[in-house]
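S.K.: One structure follows; several queries about it will come next.
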Amino acid sequence: MNLIIDAGNTKVKLAIFKKAEIIHLETVATYDFVEAVKKTFKDFPQIKSAIISSVGSLSKEQINIMAVFCDFYELSNASKVPFKNSYASPQTLGVDRLALATAAFYYKPHSNILVIDAGTCITYDMVNDFDEYLGGAISPGVQMRYNAMHDQTAKLPLLEKKELLDYIGNTTENCIHSGVVYGVSHEIDGVIDLYKGRFKDLTIILTGGDALFLSKRLKNTIFADSKFLLKGLNYLLEYNKH
Ligand SMILES: Nc1ncnc2c1ncn2[C@@H]1O[C@H](COP(=O)(O)OP(=O)(O)O)[C@@H](O)[C@H]1O
Ligand SMILES: CC(C)(COP(=O)(O)O)[C@@H](O)C(=O)NCCC(=O)O
């Protein structure tokens, strides 16, 4: 069994893989990380190896607790990956994006794949049919857009995402929801259209905490998989063992 940890900027996801199958999944806040790890090893003593991708605020001490329990690997920009990395600043690339590109590579090798991760930020990552990672884009995530409007104005309230019946907002709250929800979904559809114009037979994967909420609102056909990054990490753990 492998313990796979994706520490993002909002939440830490812990998954246990038995070969390619996820048999346990939980999401915790950064401050609960150490307790969650201890409990996981108590409940699943069969875990032999672990990997962590951390782009959030976990400290070195928090991360190093893993080494107490098993054979532990921290994903870094020096890790081996199964594709050609053509990012011009590989040392500053988020390791979570390396995991997404890895999942894309194994999902459909030698094909054009765009991965959209709607998490704290929305990331766009492109792997082409030459198995080459090109990069993509980083934009503000759903909750970040709500937070920014509240934090940087005097009058706008802090809201959370909500289903909307009409894109014409008729109250302050509805106008904010419309701006965020229709803004994000039209951004994503617009970006997909750009990539479709350049890459033939493009496969589009949507993942991250807001994937299910957004998938219903897109005009493009996408494959939503909230566990895509975790699957990429499980591949990278096996890939870097040898
Ligand atoms: N409990 C929740 N209820 C509603 N939305 C949530 C919840 N937790 C996370 N989200 C949404 O998912 C986003 C974070 O997704 P996630 O993939 O966990 O981010 P990260 O990997 O950056 O930590 C937030 O920006 C928010 O919009
Ligand atoms: C863009 C990110 C903040 C996304 O993090 P997330 O929203 O998944 O928590 C992260 O991948 C990161 O810190 N990247 C470094 C810059 C780069 O990828 O070029």
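Cβ coordinates come from backbone N, Cα and C, glycine included.
Unlike curated entries, TrEMBL annotations are predicted automatically.
TrEMBL lists ASP6, ALA7, GLY8, ASN9, THR10, LYS11, VAL12, LYS13, THR120 with the feature ATP binding site. As annotated by TrEMBL, substrate binding site applies to TYR87, GLY94, VAL95, ASP96, ARG97, THR172. Per TrEMBL, the feature active site, proton acceptor maps to ASP96. TrEMBL lists ASP117 with the feature K(+) binding site.
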S.K.: So among GLY8, THR10, VAL12, all listed as binding-site residues, which is physically nearest to TYR87 (substrate binding site)? Use the C-alpha atoms.
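M.R.: Result for TYR87 (substrate binding site): the nearest of the binding-site residues is GLY8.
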S.K.: I'd like the number of other C-beta atoms within 10 A of the C-beta of ASP96 (substrate binding site), please.
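M.R.: Other Cβ atoms within 10 Å of ASP96 (substrate binding site): 26.
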S.K.: Check the Cα distances from VAL12 (ATP binding site) to each of the binding-site residues GLY94, ASP96, ARG97, ASP117, THR172 and keep only the ones within 10 Å.
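M.R.: Qualifying among GLY94, ASP96, ARG97, ASP117, THR172: none.
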S.K.: Please check the binding-site residues GLY8, THR10, TYR87, THR120, THR172 against ligand 1 and give me the ones with CB under 6 A, sequence order.
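M.R.: Those binding-site residues that pass the cut-off, since their Cβ is under 6 Å from ligand 1, are GLY8, THR10, THR120.
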S.K.: At the Cα level, what's the spacing in Å between VAL95 (substrate binding site) and ASP6 (ATP binding site), rounded?
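M.R.: A Cα-Cα distance of 10 Å.
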S.K.: Among the binding-site residues ASP6, VAL12, TYR87, VAL95, THR172, name every one whose Cβ is found under 6 angstroms from ligand 2, counting any of its atoms.
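M.R.: Going through ASP6, VAL12, TYR87, VAL95, THR172 in sequence order, none turns out to be close to ligand 2.
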S.K.: Are there binding-site residues among ARG97, ASP117, THR172 that sit within 10 Å of GLY8 (ATP binding site), Cα to Cα? If so, list them; otherwise say none.
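M.R.: None, since no candidate lies within 10 Å.
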S.K.: If you measure from the C-alpha of ASP96 (substrate binding site), which of the binding-site residues ASP6, THR10, THR120 fall inside 10 Å?
M.R.: ASP6
